[in-house]
Amino acid sequence: MIEVLLVTICLAAFPYQGSSIILESGNVNDYEVIYPRKVTALPKGAVQPKYEDAMQYELKVNGEPVVLHLEKNKGLFSKDYSETHYSPDGRKITTNPPVEDHCYYHGRIENDADSTASISACNGLKGHFKLQGETYLIEPLKLSDSEAHAVFKFENVEKEDEAPKMCGVTQNWESYEPIKKASQSNLTPEHQRYIELFLVVDHGMFMKYNGNSDKIRRRIHQMVNIMKEAYRYLYIDIALTGVEIWSNKDMINVQPAAPQTLDSFGEWRKTDLLNRKSHDNAQLLTSTDFKDQTIGLAYWGSMCDPKRSTAVIEDHSETDLLVAVTMAHELGHNLGIRHDTGSCSCGGYSCIMAPVISHDIAKYFSDCSYIQCWDFIMKDNPQCILNKQLRTDTVSTPVSGKNFGAGEECDCGTPGNPCCDAVTCKLRPGAQCAEGLCCDQCRFMKEGTVCRRARGDDMDDYCNGISAGCPRNPFHA
(Lines of atoms letter the chains of each structure in order from A and count residues from 1; the text may use other names and numbers.)
(Lines give C-alpha, C1' and ligand atoms only; values in the text may rest on other atoms or scores of the structure.)
Protein backbone atom coordinates (compact mmCIF):
# COMPACT_ATOMS: atom_id res chain seq x y z
CA MET A 1 0.00 0.00 0.00
CA ILE A 2 1.36 3.43 -0.83
CA GLU A 3 1.57 5.80 2.10
CA VAL A 4 1.49 9.54 1.52
CA LEU A 5 3.99 11.52 3.55
CA LEU A 6 3.36 15.24 3.83
CA VAL A 7 6.56 17.23 4.09
CA THR A 8 5.96 20.87 4.94
CA ILE A 9 8.75 22.84 3.35
CA CYS A 10 7.75 26.14 4.88
CA LEU A 11 4.94 27.29 7.12
CA ALA A 12 4.21 30.39 5.07
CA ALA A 13 1.09 29.78 3.00
CA PHE A 14 0.63 33.19 1.42
CA PRO A 15 2.35 34.70 -1.61
CA TYR A 16 4.22 38.00 -1.58
CA GLN A 17 3.69 40.26 -4.58
CA GLY A 18 6.79 41.93 -6.04
CA SER A 19 7.12 44.59 -8.72
CA SER A 20 10.52 44.01 -10.36
CA ILE A 21 13.45 41.65 -9.87
CA ILE A 22 16.49 40.32 -11.75
CA LEU A 23 16.41 36.51 -11.97
CA GLU A 24 18.28 33.85 -13.92
CA SER A 25 15.42 33.88 -16.44
CA GLY A 26 15.87 37.63 -16.99
CA ASN A 27 14.41 40.88 -15.68
CA VAL A 28 10.90 40.25 -14.37
CA ASN A 29 8.38 43.06 -13.91
CA ASP A 30 5.71 41.34 -11.83
CA TYR A 31 6.12 38.22 -9.69
CA GLU A 32 4.94 36.39 -6.58
CA VAL A 33 7.09 34.96 -3.81
CA ILE A 34 5.75 31.54 -2.90
CA TYR A 35 6.70 28.64 -0.63
CA PRO A 36 5.96 25.25 -2.24
CA ARG A 37 4.91 22.36 -0.01
CA LYS A 38 6.10 18.91 -1.02
CA VAL A 39 3.88 15.82 -0.83
CA THR A 40 5.80 12.60 -1.44
CA ALA A 41 4.29 9.17 -2.16
CA LEU A 42 6.70 6.36 -1.29
CA PRO A 43 6.05 2.65 -0.72
CA LYS A 44 6.39 1.42 2.84
CA GLY A 45 9.99 0.70 3.78
CA ALA A 46 11.40 1.97 0.47
CA VAL A 47 14.81 3.58 0.40
CA GLN A 48 14.25 7.21 -0.52
CA PRO A 49 16.47 8.32 -3.42
CA LYS A 50 17.76 11.86 -3.60
CA TYR A 51 15.24 12.61 -6.34
CA GLU A 52 12.09 10.51 -6.32
CA ASP A 53 10.48 9.09 -9.45
CA ALA A 54 7.23 10.93 -8.70
CA MET A 55 6.62 14.04 -6.60
CA GLN A 56 3.81 16.46 -5.83
CA TYR A 57 4.05 20.07 -4.76
CA GLU A 58 1.34 22.29 -3.38
CA LEU A 59 1.85 25.94 -4.23
CA LYS A 60 -0.10 29.12 -4.77
CA VAL A 61 -0.42 30.92 -8.10
CA ASN A 62 -2.25 34.25 -8.18
CA GLY A 63 -3.17 33.51 -4.59
CA GLU A 64 -4.98 30.30 -5.53
CA PRO A 65 -3.78 26.82 -4.42
CA VAL A 66 -2.65 24.41 -7.14
CA VAL A 67 -1.09 20.94 -7.03
CA LEU A 68 1.87 20.27 -9.32
CA HIS A 69 2.37 16.58 -10.22
CA LEU A 70 5.89 15.68 -11.39
CA GLU A 71 7.36 12.50 -12.87
CA LYS A 72 11.06 11.99 -13.46
CA ASN A 73 11.97 12.27 -17.14
CA LYS A 74 13.14 8.71 -17.64
CA GLY A 75 15.45 8.21 -20.56
CA LEU A 76 16.70 11.80 -20.52
CA PHE A 77 20.27 10.46 -20.73
CA SER A 78 21.59 7.54 -22.76
CA LYS A 79 23.43 4.65 -21.10
CA ASP A 80 26.78 5.83 -22.46
CA TYR A 81 26.27 9.53 -21.63
CA SER A 82 29.61 11.34 -21.60
CA GLU A 83 31.00 14.81 -20.98
CA THR A 84 34.12 16.23 -22.61
CA HIS A 85 36.13 19.36 -21.92
CA TYR A 86 39.66 20.51 -22.72
CA SER A 87 42.58 21.25 -20.41
CA PRO A 88 44.53 24.53 -20.72
CA ASP A 89 47.16 22.71 -22.79
CA GLY A 90 44.50 21.39 -25.17
CA ARG A 91 44.16 17.80 -23.91
CA LYS A 92 40.72 16.24 -24.41
CA ILE A 93 39.24 15.02 -21.10
CA THR A 94 36.17 12.74 -21.31
CA THR A 95 34.24 11.34 -18.35
CA ASN A 96 31.06 9.30 -17.86
CA PRO A 97 29.44 11.00 -14.86
CA PRO A 98 26.63 9.23 -12.98
CA VAL A 99 23.27 10.60 -14.09
CA GLU A 100 20.97 7.82 -12.88
CA ASP A 101 19.49 9.84 -10.01
CA HIS A 102 18.93 13.04 -11.97
CA CYS A 103 16.60 15.89 -11.07
CA TYR A 104 14.63 16.68 -14.25
CA TYR A 105 10.87 16.20 -14.41
CA HIS A 106 7.80 16.53 -16.60
CA GLY A 107 4.38 17.05 -15.12
CA ARG A 108 1.01 18.72 -15.02
CA ILE A 109 -1.30 20.76 -12.81
CA GLU A 110 -4.06 18.82 -11.07
CA ASN A 111 -7.55 19.37 -12.52
CA ASP A 112 -6.23 21.12 -15.63
CA ALA A 113 -6.26 18.66 -18.54
CA ASP A 114 -4.44 21.09 -20.83
CA SER A 115 -1.59 21.80 -18.40
CA THR A 116 2.04 20.81 -18.87
CA ALA A 117 5.21 21.28 -16.85
CA SER A 118 8.95 20.92 -17.33
CA ILE A 119 10.85 21.36 -14.08
CA SER A 120 14.36 20.99 -12.69
CA ALA A 121 14.35 20.05 -9.00
CA CYS A 122 18.14 20.13 -8.62
CA ASN A 123 18.26 23.16 -6.33
CA GLY A 124 14.67 24.08 -5.65
CA LEU A 125 12.10 24.18 -8.46
CA LYS A 126 13.15 25.85 -11.71
CA GLY A 127 11.30 25.65 -15.01
CA HIS A 128 7.87 26.36 -16.40
CA PHE A 129 4.31 25.13 -16.30
CA LYS A 130 1.14 25.95 -18.19
CA LEU A 131 -1.93 26.75 -16.11
CA GLN A 132 -5.31 27.70 -17.60
CA GLY A 133 -3.68 28.50 -20.93
CA GLU A 134 -0.98 30.79 -19.45
CA THR A 135 2.73 29.94 -19.26
CA TYR A 136 4.33 30.55 -15.86
CA LEU A 137 8.00 30.37 -14.91
CA ILE A 138 9.25 29.38 -11.47
CA GLU A 139 12.71 29.58 -9.94
CA PRO A 140 14.29 29.72 -6.47
CA LEU A 141 15.10 33.08 -4.97
CA LYS A 142 18.61 33.63 -3.64
CA LEU A 143 17.42 34.81 -0.23
CA SER A 144 18.32 33.91 3.33
CA ASP A 145 14.97 32.10 3.31
CA SER A 146 16.20 29.32 1.01
CA GLU A 147 12.72 27.88 0.34
CA ALA A 148 11.33 31.03 -1.26
CA HIS A 149 10.56 30.86 -4.99
CA ALA A 150 9.46 33.41 -7.56
CA VAL A 151 6.60 32.53 -9.88
CA PHE A 152 5.65 34.81 -12.76
CA LYS A 153 3.98 34.83 -16.15
CA PHE A 154 6.23 34.47 -19.17
CA GLU A 155 4.80 37.71 -20.54
CA ASN A 156 6.26 39.56 -17.52
CA VAL A 157 9.85 38.74 -18.50
CA GLU A 158 11.36 41.82 -20.14
CA LYS A 159 12.16 41.24 -23.79
CA GLU A 160 15.94 41.38 -24.20
CA ASP A 161 15.71 42.64 -27.78
CA GLU A 162 12.57 43.80 -29.56
CA ALA A 163 14.01 43.01 -33.01
CA PRO A 164 12.40 39.88 -34.54
CA LYS A 165 14.47 36.71 -34.16
CA MET A 166 14.16 34.08 -36.83
CA CYS A 167 15.33 30.76 -38.16
CA GLY A 168 17.84 30.99 -41.00
CA VAL A 169 16.23 28.17 -42.98
CA THR A 170 14.52 29.50 -46.12
CA GLN A 171 12.88 27.86 -49.11
CA ASN A 172 16.33 27.83 -50.71
CA TRP A 173 17.43 25.45 -47.93
CA GLU A 174 14.30 23.34 -48.00
CA SER A 175 13.30 20.71 -50.49
CA TYR A 176 9.82 22.03 -51.11
CA GLU A 177 6.81 19.79 -51.59
CA PRO A 178 3.16 20.75 -51.08
CA ILE A 179 1.73 19.76 -47.70
CA LYS A 180 -0.63 16.83 -48.01
CA LYS A 181 -2.41 14.50 -45.63
CA ALA A 182 -0.10 11.60 -44.82
CA SER A 183 -1.56 8.11 -44.97
CA GLN A 184 0.55 7.15 -41.96
CA SER A 185 -0.79 9.94 -39.71
CA ASN A 186 -2.63 7.38 -37.57
CA LEU A 187 0.45 6.45 -35.55
CA THR A 188 0.80 4.09 -32.60
CA PRO A 189 3.57 3.74 -29.98
CA GLU A 190 5.11 0.98 -32.12
CA HIS A 191 6.09 3.67 -34.65
CA GLN A 192 8.24 5.46 -32.04
CA ARG A 193 11.65 6.75 -33.13
CA TYR A 194 14.64 7.47 -30.89
CA ILE A 195 17.18 10.27 -31.32
CA GLU A 196 20.50 10.25 -29.46
CA LEU A 197 21.42 13.94 -29.28
CA PHE A 198 24.92 15.33 -28.78
CA LEU A 199 25.42 18.98 -27.78
CA VAL A 200 28.55 21.07 -28.21
CA VAL A 201 29.16 24.36 -26.38
CA ASP A 202 31.56 26.78 -28.06
CA HIS A 203 34.28 28.73 -26.26
CA GLY A 204 32.34 31.98 -26.40
CA MET A 205 29.42 30.44 -24.52
CA PHE A 206 31.85 28.90 -22.02
CA MET A 207 33.22 32.39 -21.32
CA LYS A 208 29.72 33.92 -21.28
CA TYR A 209 28.97 31.79 -18.20
CA ASN A 210 32.34 32.70 -16.64
CA GLY A 211 33.75 29.23 -17.20
CA ASN A 212 31.12 27.70 -14.91
CA SER A 213 30.73 24.26 -16.50
CA ASP A 214 28.22 23.11 -13.86
CA LYS A 215 25.90 26.02 -14.68
CA ILE A 216 26.22 25.28 -18.40
CA ARG A 217 25.45 21.59 -17.87
CA ARG A 218 22.36 22.35 -15.77
CA ARG A 219 21.11 24.74 -18.44
CA ILE A 220 21.69 22.19 -21.20
CA HIS A 221 20.02 19.37 -19.27
CA GLN A 222 16.92 21.46 -18.62
CA MET A 223 16.71 22.55 -22.27
CA VAL A 224 16.85 18.93 -23.44
CA ASN A 225 14.22 18.12 -20.82
CA ILE A 226 11.97 20.69 -22.52
CA MET A 227 12.77 19.37 -26.01
CA LYS A 228 11.91 15.83 -24.95
CA GLU A 229 8.49 16.96 -23.74
CA ALA A 230 7.72 18.70 -27.05
CA TYR A 231 8.76 15.74 -29.21
CA ARG A 232 6.76 13.07 -27.42
CA TYR A 233 3.64 14.27 -29.27
CA LEU A 234 5.41 13.38 -32.53
CA TYR A 235 6.18 9.88 -31.18
CA ILE A 236 9.88 10.76 -31.08
CA ASP A 237 11.99 10.16 -27.98
CA ILE A 238 15.16 12.16 -27.34
CA ALA A 239 18.06 11.12 -25.12
CA LEU A 240 21.10 13.27 -24.44
CA THR A 241 24.13 11.11 -25.20
CA GLY A 242 26.92 13.61 -24.70
CA VAL A 243 28.03 17.18 -24.02
CA GLU A 244 31.31 18.68 -25.18
CA ILE A 245 32.46 22.08 -23.92
CA TRP A 246 35.17 23.86 -25.89
CA SER A 247 36.70 25.19 -22.70
CA ASN A 248 40.12 25.94 -24.17
CA LYS A 249 39.36 27.21 -27.67
CA ASP A 250 36.93 26.67 -30.53
CA MET A 251 37.51 23.56 -32.63
CA ILE A 252 36.08 25.30 -35.72
CA ASN A 253 35.79 28.87 -36.97
CA VAL A 254 32.58 30.09 -35.31
CA GLN A 255 31.50 33.21 -37.19
CA PRO A 256 28.44 35.49 -37.46
CA ALA A 257 27.57 33.96 -40.83
CA ALA A 258 25.39 31.04 -39.73
CA PRO A 259 25.63 29.03 -43.00
CA GLN A 260 29.44 29.00 -42.85
CA THR A 261 29.42 28.03 -39.17
CA LEU A 262 26.96 25.22 -39.87
CA ASP A 263 29.11 23.93 -42.73
CA SER A 264 32.24 23.94 -40.55
CA PHE A 265 30.44 22.27 -37.65
CA GLY A 266 29.07 19.56 -39.93
CA GLU A 267 32.54 18.79 -41.27
CA TRP A 268 33.97 18.65 -37.73
CA ARG A 269 31.19 16.30 -36.64
CA LYS A 270 31.78 14.02 -39.64
CA THR A 271 35.59 13.85 -39.39
CA ASP A 272 36.13 14.14 -35.62
CA LEU A 273 33.15 13.69 -33.30
CA LEU A 274 31.55 10.68 -35.02
CA ASN A 275 34.86 8.81 -34.93
CA ARG A 276 34.85 8.84 -31.13
CA LYS A 277 31.18 9.03 -30.10
CA SER A 278 28.15 7.35 -31.64
CA HIS A 279 25.07 9.59 -31.88
CA ASP A 280 22.28 10.52 -34.30
CA ASN A 281 22.25 14.32 -34.31
CA ALA A 282 24.50 17.11 -33.07
CA GLN A 283 23.86 20.77 -32.26
CA LEU A 284 26.35 23.56 -31.62
CA LEU A 285 25.35 26.12 -28.98
CA THR A 286 27.14 29.43 -29.40
CA SER A 287 27.23 32.90 -27.88
CA THR A 288 27.97 34.34 -31.33
CA ASP A 289 25.39 36.84 -32.53
CA PHE A 290 24.46 35.55 -35.98
CA LYS A 291 23.79 38.00 -38.80
CA ASP A 292 20.33 39.04 -39.99
CA GLN A 293 18.59 38.33 -36.66
CA THR A 294 19.16 34.60 -37.21
CA ILE A 295 19.13 32.50 -34.04
CA GLY A 296 19.34 29.02 -35.56
CA LEU A 297 20.08 27.14 -38.74
CA ALA A 298 19.86 23.48 -39.76
CA TYR A 299 19.93 21.29 -42.84
CA TRP A 300 16.50 20.14 -43.97
CA GLY A 301 15.61 16.43 -44.16
CA SER A 302 19.10 15.34 -43.13
CA MET A 303 18.63 13.09 -40.09
CA CYS A 304 21.38 10.42 -39.84
CA ASP A 305 23.61 12.08 -42.47
CA PRO A 306 27.21 12.23 -41.11
CA LYS A 307 27.66 15.92 -41.95
CA ARG A 308 24.16 17.30 -42.32
CA SER A 309 22.39 15.85 -39.26
CA THR A 310 23.42 19.03 -37.48
CA ALA A 311 22.27 22.49 -36.43
CA VAL A 312 23.75 25.65 -34.95
CA ILE A 313 21.89 27.53 -32.21
CA GLU A 314 22.53 31.00 -30.82
CA ASP A 315 22.21 31.17 -27.02
CA HIS A 316 19.92 34.14 -27.57
CA SER A 317 17.99 34.34 -24.30
CA GLU A 318 18.51 33.95 -20.57
CA THR A 319 15.25 31.98 -20.50
CA ASP A 320 15.90 28.25 -20.94
CA LEU A 321 12.50 27.75 -22.53
CA LEU A 322 13.14 30.11 -25.45
CA VAL A 323 16.47 28.55 -26.40
CA ALA A 324 15.02 25.04 -25.99
CA VAL A 325 12.23 25.90 -28.43
CA THR A 326 14.86 27.07 -30.93
CA MET A 327 16.73 23.78 -30.50
CA ALA A 328 13.51 21.82 -31.02
CA HIS A 329 12.73 23.94 -34.10
CA GLU A 330 16.08 23.28 -35.80
CA LEU A 331 15.92 19.56 -34.99
CA GLY A 332 12.53 19.65 -36.67
CA HIS A 333 14.17 20.79 -39.91
CA ASN A 334 16.57 17.83 -39.72
CA LEU A 335 13.44 15.66 -39.51
CA GLY A 336 11.97 17.09 -42.70
CA ILE A 337 9.64 19.65 -41.11
CA ARG A 338 9.22 22.99 -42.86
CA HIS A 339 8.15 26.35 -41.47
CA ASP A 340 4.49 26.65 -40.63
CA THR A 341 2.18 28.65 -42.88
CA GLY A 342 -1.15 30.29 -42.17
CA SER A 343 -3.00 27.03 -42.75
CA CYS A 344 -1.14 25.25 -39.92
CA SER A 345 -2.57 25.13 -36.41
CA CYS A 346 -1.47 24.28 -32.87
CA GLY A 347 -4.91 24.37 -31.31
CA GLY A 348 -4.83 28.13 -30.72
CA TYR A 349 -1.25 28.30 -29.44
CA SER A 350 1.96 29.52 -31.06
CA CYS A 351 3.73 26.78 -33.02
CA ILE A 352 7.32 25.57 -32.65
CA MET A 353 7.96 25.70 -36.41
CA ALA A 354 6.93 29.34 -36.88
CA PRO A 355 9.70 31.08 -38.90
CA VAL A 356 9.91 34.00 -36.44
CA ILE A 357 10.04 33.61 -32.67
CA SER A 358 6.85 34.84 -31.02
CA HIS A 359 6.31 36.75 -27.80
CA ASP A 360 3.74 34.02 -27.10
CA ILE A 361 5.87 31.04 -26.17
CA ALA A 362 5.61 28.08 -28.55
CA LYS A 363 5.26 24.67 -26.90
CA TYR A 364 3.63 22.52 -29.60
CA PHE A 365 4.22 21.23 -33.08
CA SER A 366 1.44 21.96 -35.57
CA ASP A 367 -0.71 19.53 -37.51
CA CYS A 368 1.47 20.34 -40.55
CA SER A 369 4.66 19.46 -38.62
CA TYR A 370 3.19 16.12 -37.56
CA ILE A 371 2.39 15.19 -41.16
CA GLN A 372 5.69 16.41 -42.62
CA CYS A 373 7.81 14.69 -39.98
CA TRP A 374 6.24 11.29 -40.55
CA ASP A 375 6.16 11.74 -44.32
CA PHE A 376 9.94 12.17 -44.13
CA ILE A 377 10.44 9.23 -41.76
CA MET A 378 8.29 6.85 -43.79
CA LYS A 379 9.74 7.85 -47.17
CA ASP A 380 13.42 8.33 -46.28
CA ASN A 381 13.48 5.81 -43.40
CA PRO A 382 16.50 7.23 -41.53
CA GLN A 383 18.02 4.12 -39.98
CA CYS A 384 19.90 5.65 -37.06
CA ILE A 385 16.70 6.59 -35.18
CA LEU A 386 15.16 3.10 -35.26
CA ASN A 387 17.08 1.77 -32.25
CA LYS A 388 15.95 2.54 -28.72
CA GLN A 389 18.78 3.91 -26.60
CA LEU A 390 19.62 2.19 -23.34
CA ARG A 391 18.43 4.28 -20.42
CA THR A 392 20.50 5.21 -17.39
CA ASP A 393 17.68 5.00 -14.86
CA THR A 394 17.21 1.23 -14.69
CA VAL A 395 18.46 -1.41 -12.29
CA SER A 396 18.47 -4.12 -14.93
CA THR A 397 18.93 -3.74 -18.66
CA PRO A 398 15.62 -2.59 -20.19
CA VAL A 399 14.09 -4.52 -23.05
CA SER A 400 13.88 -2.95 -26.46
CA GLY A 401 10.66 -1.29 -27.50
CA LYS A 402 7.47 -1.20 -25.50
CA ASN A 403 7.19 -4.93 -24.80
CA PHE A 404 8.40 -6.20 -21.42
CA GLY A 405 10.47 -9.33 -20.84
CA ALA A 406 9.05 -12.63 -19.66
CA GLY A 407 7.32 -12.16 -16.31
CA GLU A 408 7.79 -8.37 -16.35
CA GLU A 409 4.86 -5.99 -15.89
CA CYS A 410 6.67 -2.67 -16.11
CA ASP A 411 9.96 -1.07 -17.09
CA CYS A 412 12.39 -1.44 -14.17
CA GLY A 413 13.16 1.92 -12.60
CA THR A 414 14.90 3.17 -9.48
CA PRO A 415 14.25 1.54 -6.08
CA GLY A 416 12.12 4.53 -5.08
CA ASN A 417 9.68 4.13 -7.96
CA PRO A 418 6.24 4.10 -6.28
CA CYS A 419 4.64 2.10 -9.11
CA CYS A 420 7.19 -0.46 -10.35
CA ASP A 421 9.41 -2.70 -8.22
CA ALA A 422 12.93 -2.17 -9.57
CA VAL A 423 14.06 -5.68 -8.63
CA THR A 424 11.14 -7.79 -9.89
CA CYS A 425 9.95 -5.44 -12.67
CA LYS A 426 6.40 -6.03 -11.45
CA LEU A 427 3.80 -3.46 -10.47
CA ARG A 428 3.70 -2.73 -6.75
CA PRO A 429 0.58 -3.73 -4.76
CA GLY A 430 -2.30 -1.42 -5.62
CA ALA A 431 -0.61 -0.06 -8.76
CA GLN A 432 -2.27 -0.43 -12.16
CA CYS A 433 0.48 1.19 -14.23
CA ALA A 434 3.91 2.77 -13.99
CA GLU A 435 4.06 5.17 -16.94
CA GLY A 436 2.03 6.48 -19.85
CA LEU A 437 -0.05 9.52 -20.75
CA CYS A 438 -3.07 7.94 -19.01
CA CYS A 439 -1.19 6.84 -15.88
CA ASP A 440 -1.36 9.11 -12.83
CA GLN A 441 0.01 8.14 -9.42
CA CYS A 442 0.16 4.48 -10.49
CA ARG A 443 -3.53 4.39 -11.48
CA PHE A 444 -5.33 4.54 -14.82
CA MET A 445 -6.82 7.97 -15.41
CA LYS A 446 -10.60 7.95 -15.65
CA GLU A 447 -12.33 7.37 -18.96
CA GLY A 448 -12.85 10.56 -20.94
CA THR A 449 -9.78 12.39 -19.58
CA VAL A 450 -8.07 14.30 -22.40
CA CYS A 451 -4.58 12.84 -22.87
CA ARG A 452 -3.58 14.48 -26.15
CA ARG A 453 -4.95 17.80 -27.33
CA ALA A 454 -6.04 18.17 -30.95
CA ARG A 455 -3.96 19.99 -33.51
CA GLY A 456 -5.85 22.12 -36.01
CA ASP A 457 -9.23 20.70 -37.01
CA ASP A 458 -8.44 17.24 -35.65
CA MET A 459 -9.98 15.75 -32.49
CA ASP A 460 -8.74 15.29 -28.92
CA ASP A 461 -7.56 11.85 -27.77
CA TYR A 462 -9.03 10.46 -24.54
CA CYS A 463 -8.05 7.91 -21.91
CA ASN A 464 -10.23 4.79 -21.90
CA GLY A 465 -9.96 4.08 -18.17
CA ILE A 466 -8.51 0.59 -18.66
CA SER A 467 -4.97 1.26 -19.93
CA ALA A 468 -2.07 3.66 -19.42
CA GLY A 469 -1.61 4.45 -23.11
CA CYS A 470 -3.33 7.31 -24.90
CA PRO A 471 -5.33 5.63 -27.69
CA ARG A 472 -5.83 7.45 -30.97
CA ASN A 473 -9.37 8.73 -31.43
CA PRO A 474 -11.04 6.47 -34.05
CA PHE A 475 -12.75 9.55 -35.51
CA HIS A 476 -9.47 11.24 -36.50
CA ALA A 477 -9.52 12.64 -40.00
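Cβ from N, Cα, C; glycine included.
In sequence order, C167, V169, Q283, G296, L297, A298, A311, V312, I313 are the residues of the chain that are 6 or more apart from E330 (active site) and have a CB within less than 8 Å of its CB. Residues annotated as active site in Swiss-Prot, with sequence analysis given as evidence: E330.
Among the features that Swiss-Prot reports, Ca(2+) binding site is placed at E196, D280, C384, N387, with the record citing similarity to another entry. Spatially close to C384 (Ca(2+) binding site) yet at least six residues away along the chain are D280, M303, C304, S309, judged by Cβ distances under 8 angstroms.
Feature annotation from Swiss-Prot assigns Zn(2+) binding site to H329, H333, H339. On its own chain, H329 (Zn(2+) binding site) has C167, G296, I352, M353 as residues at least 6 apart in sequence with a Cβ closer than 8 Å to its own Cβ.
What Swiss-Prot lists as disulfide bond is C304-C384 (among others), and the listing cites sequence analysis. The Cβ neighbour count for C304 (disulfide bond), using a 10 Å radius and every protein chain shown, is 17.
Annotation source Swiss-Prot lists disulfide bond at C344-C368 (among others). Around the Cβ of C344 (disulfide bond), a 10 Å sphere holds 22 further Cβ atoms from the protein chains shown. Reduced to three states, the DSSP call for C344 (disulfide bond) is coil.
For C351 (disulfide bond), the number of other Cβ atoms no farther than 10 Å from its own Cβ, over all displayed protein chains, is 22. What Swiss-Prot lists as disulfide bond is C346-C351 (among others).
The disulfide bond annotation in Swiss-Prot covers C410-C425 (among others), and the record cites similarity to another entry as its basis. C425 (disulfide bond): 22 other CB atoms within 10 A of its CB, across all protein chains.
Per Swiss-Prot, disulfide bond is recorded for C412-C420 (among others). With a 10 A radius on its CB, C420 (disulfide bond) counts 24 other CB atoms from all the protein chains.
For C419-C442 (among others), the entry in Swiss-Prot reads disulfide bond, with the evidence type similarity to another entry. Secondary structure from DSSP puts C419 (disulfide bond) in coil. In sequence order, D53, A54, C410, L427, R428, A431, C433, A434, E435, C439, C442 constitute the residues six or more apart from C419 (disulfide bond) in its chain with CB-CB distances below 8 Å.
Marked as disulfide bond by Swiss-Prot: C433-C439 (among others). Its Cβ taken as reference, C439 (disulfide bond) is surrounded by 23 other Cβ atoms within 10 Å in the chains shown.
The disulfide bond annotation in Swiss-Prot covers C438-C463 (among others). Every protein chain considered, the tally of other Cβ atoms within 10 Å of the Cβ of C438 (disulfide bond) stands at 24.
Around the Cβ of C451 (disulfide bond), 19 further Cβ atoms fall within 10 Å across all displayed protein chains. Per Swiss-Prot, the feature disulfide bond maps to C451-C470 (among others); the stated evidence is similarity to another entry.
What Swiss-Prot records for 193-389 is domain 'Peptidase M12B'.
The domain 'Disintegrin' feature in Swiss-Prot is assigned to 396-477.
Taken from Swiss-Prot, the feature signal peptide covers 1-20, and the record attributes it to sequence analysis.
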Distance between H339 (Zn(2+) binding site) and C368 (disulfide bond) at the Cα atoms, whole Å?
9
Can you name every residue in this chain, apart from H329, H333, H339, with its Cβ inside 8 Å of the center of the Cβ atoms of the recorded Zn(2+) site?
C167, V169, G296, A298, E330, G332, I337, R338, I352, M353, P355
